[in-house]
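Quick look at what Swiss-Prot annotates:
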type	residues	note
BINDING	R22, E87, R126, K462	(6S)-5-formyl-5,6,7,8-tetrahydrofolate binding site
BINDING	230-235, 249-255, 274-277	GTP binding site
BINDING	N230, S249, I251, T254	K(+) binding site
BINDING	S234, T255	Mg(2+) binding site
DOMAIN	220-382	domain 'TrmE-type G'
Amino acid sequence: MLDDTIAALATPPGEGGISIIRLSGSQAIAIVAKVFKPVKGPDLTTTRSHTLRLGFIIDPVSGESLDEVLVSVMRAPHSYTAEDVVEINCHGGALATSRVLQLVLRTGARLAEPGEFTRRAFLNGRLDLAQAEAVLEIIRARSSRGLTAALDHLRGNLSRKIGELNERLTGILAALEASMDFPEEVGEVDPENLADLRRILAGVDRLLATWEEGRLLTEGLKVAIVGRPNVGKSSLLNALLNQERAIVSNIPGTTRDTIEETLQLGGFTCRLIDTAGLRETADELESIGVARSKKAIAAADLVLVVVDLQTGIQDEDRRVLESVRDKVLIIIGNKLDLVAHDINKKLADLESFAGNYPRVAVSALKGKGLDELARKVQEIVLGGRALAGSDEPLITNARHRAALENCREHLASAIKAWEEGLPEDLIAIDLWSAADYLGEIIGTTAREDLLDRIFSDFCIGK
C-alpha cells in the first residue's frame with residue numbers, strides 16, 4: 001500500500017554514534033511534527049525541503065522528552081522514495097531509539113517491511129528494478145571493483161543497455177505485427193529487421209560474456225595456495241594477510257588442514273585457501289589434510305603454485321604442477337630473499353618450469369613481489385578488459401543472467417524460424433517472450449511475486 005506512511009530504523013540496531021529513524025509517505029512530516037518540538041523556528045510542517053532542524057522528541061501524552069534529535073525533511077518528489085521523507089537522527093543508544101520509533105508508530109506510521117523504502121522508490125518511478133537491486137549490491141559489496149560495478153548499475157548504465165535492446169526488439173515486433181495485420185497496406189517485413197535481430201542477439205551475448213567476471217565480483221575469487229611441503233605457502237598467506245594467521249615452521253607437514261581467509265587482491269575479494277603440502281605420506285592426519293587440499297583445489301577459480309627458489313625446482317614440484325594443469329594457474333617462486341648466488345639461473349629455471357603460465361618471484365618474508373602478484377591476479381580475472389569506463393556493463397546478478405539466457409534462447413529460435421520461412425505469428429511469439437525477459441530485468445514486466453522475492457532480501461530500513 002502506497003497510501004500509508006511507513007517507518008523503520010535505517011541504521012544497525014545497538015549502540016553507535018547516531019541512530020536514524022526513517023519515515024516515508026504523505027503523512028511523514030505531519031506525524032513527526034506531532035512529536036517534535038524544535039529548539040527555535042516554526043512548526044516542522046512549514047520546513048523547507050532538504051533542511052535540518054534541531055529539537056526534542058516529546059511524548060504528547062506524558063509530556064516526557066525522549067531524546068534530543070536532528071530532523072531532516074525531504075519533500076516529494078525529491079527524495080529516495082519520491083515521497084515525503086523524514087529522518088530522525090537520534091543518539092545511538094538502543095533504548096532511546098526504540099522509544100522514539102515506538103512513539104512514531106503510535107502516532108500514525110506503520111512499521112516498514114523489508115526493502116519497502118526501495119520498493120516504493122521503484123513503484124514511484126524513482127528507480128527501475130535493476131537500479132533497485134544495485135542498492136543491495138552496494139550494501140553487500142566486498143571489493144572496490146564490486147562497488148564500482150554496483151554504482152555503475154545504480155547510475156542506470158545496465159538499464160539503459162537493456163532498454164536500448166528492448167526498444168529495438170519491440171520496433172521489430174511492431175513491424176512484424178503490422179505486416180500480419182495489414183499485409184496489403186504494409187507489405188512484407190523489411191529484411192533489414194532480421195539483420196537487426198541478429199545484432200540484438202549479439203548484444204545479449206556480449207552482456208552474458210561479462211557474467212563470469214561479474215560472478216567473481218559478487219561471490220569472490222576462490223584462490224588455493226598449493227605446493228610441496230615447506231616451500232612457504234603459509235608464509236605467503238601471512239604476507240598477503242599482513243598478519244600471522246598460519247603457523248610457519250621449517251618442519252615439512254606443519255599445515256595439516258586447509259586455512260581459509262578473505263582479503264582484497266588486485267581489487268577483487270579473494271577467498272584465500274592455504275592447503276597442506278601435496279605429497280604422499282603415511283601420517284594419517286597429514287593424509288586427511290592432503291585430501292582436503294585436493295578438494296579445495298578442485299573448487300578453486302585460481303591456483304597459486306608455490307616453489308622454493310632457494311632449493312630450486314624439484315621433481316615433487318613438477319608432480320604438483322602436473323596435478324593442477326587443468327586449473328587457472330600462477331606460478332610463484334618464493335624465498336627470493338634467500339637466493340644468494342645464481343639468481344639469474346634460479347629465475348631462468350622458474351621461467352622454464354612455468355612455461356606459458358604467468359609467474360612471479362616473491363619474498364613472502366620481506367613482502368617483495370606481492371604487488372606484482374596482485375597485478376597478475378587482476379590480469380587473469382579481467383583478461384585485459386578494464387572494468388572502469390567499459391562500454392559494456394557487467395552482469396553481476398544471477399537473476400539478470402537467467403533472464404538474458406532465456407531471452408537469448410527465444411531470440412535464437414525466432415531468427416531460426418525467420419530464416420526457415422516459418423509463419424510470422426510463430427516468430428512473434430518468440431520475440432514477445434524475449435522482450436518480456438528483457439523487461440523482467442528492469443521491471444517493466446516483473447510479476448508481483450518476483451518483486452516480493454527481490455525486496456525481501458533487503459533490510460527493514462532500506
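The count begins at 1 with the first shown residue.
Each Cβ is built from the backbone N, Cα and C atoms, and glycine gets one as well.
Location within the structure of each feature annotated in Swiss-Prot.
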{"residue": "R22", "record": "(6S)-5-formyl-5,6,7,8-tetrahydrofolate binding site", "DSSP (3 states)": "strand"}
{"residue": "E87", "record": "(6S)-5-formyl-5,6,7,8-tetrahydrofolate binding site", "DSSP (3 states)": "strand"}
{"residue": "R126", "record": "(6S)-5-formyl-5,6,7,8-tetrahydrofolate binding site", "DSSP (3 states)": "coil"}
{"residue": "N230", "record": "GTP binding site", "DSSP (3 states)": "coil"}
{"residue": "K462", "record": "(6S)-5-formyl-5,6,7,8-tetrahydrofolate binding site", "DSSP (3 states)": "coil"}
For R22 ((6S)-5-formyl-5,6,7,8-tetrahydrofolate binding site) and S234 (Mg(2+) binding site), the CA-to-CA distance in whole Å is 47
Other than its own, how many Cβ atoms are within 10 Å of the Cβ belonging to R126 ((6S)-5-formyl-5,6,7,8-tetrahydrofolate binding site)? 18
Long-range neighbours only, meaning 6 or more apart in sequence with Cβ under 8 Å: which ones does E87 ((6S)-5-formyl-5,6,7,8-tetrahydrofolate binding site) have? A10, I20, I21, R22, L23, V71, S72, M74
Whole-number Å only: compute the distance from the Cα of R126 ((6S)-5-formyl-5,6,7,8-tetrahydrofolate binding site) to the Cα of S234 (Mg(2+) binding site). 50
Tally every other Cβ atom lying within 10 Å of the Cβ atom of S234 (Mg(2+) binding site). 25
On average, what pLDDT score does this prediction assign to the domain 'TrmE-type G' (220-382)? 81
Between N230 (GTP binding site) and K462 ((6S)-5-formyl-5,6,7,8-tetrahydrofolate binding site), the C-alpha gap once rounded to whole angstrom: 50
If you measure between the CA atoms of S234 (Mg(2+) binding site) and K462 ((6S)-5-formyl-5,6,7,8-tetrahydrofolate binding site) and round to the nearest Å, you get 41
Spacing of the two Cα atoms, K462 ((6S)-5-formyl-5,6,7,8-tetrahydrofolate binding site) and K233 (GTP binding site), in whole angstrom, works out to 43
